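As annotated by Swiss-Prot, region 'Binds to GvpF1' applies to 1-22, 2-43, with the evidence given as experimental evidence. What Swiss-Prot lists as region 'Alpha helix 1' is 9-19. According to Swiss-Prot, the region 'Beta-strand 1' annotation covers 23-31. The region 'Beta-strand 2' annotation in Swiss-Prot covers 35-43 and is backed by a curator's inference. The region 'Alpha helix 2' annotation in Swiss-Prot covers 48-67.
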């Protein structure tokens, strides 16, 4: 059997840390129409620099959503 190529694994790990991987999970379990479990998770695997850039972009998106929601709300 051939040994796994450690340089290939190192390259994959380097790319994952450089680019980052985000796994976004949403699941709901219901029994007879009654929700018994909801799972929401976001897992990020990245270098600190990549994660900070990702967090900044997510904050911009959330701020834009809040601004759009405030503009759409009718004034009293």
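Every residue number used here counts from 1 along the chain in the order it is shown.
Each Cβ is built from the backbone N, Cα and C atoms, and glycine gets one as well.
Summarised by DSSP class, the composition of the region 'Alpha helix 1' (9-19) is 11 helix, 0 strand, 0 coil.
Along the region 'Beta-strand 2' (35-43), the predicted structure has mean pLDDT 91.
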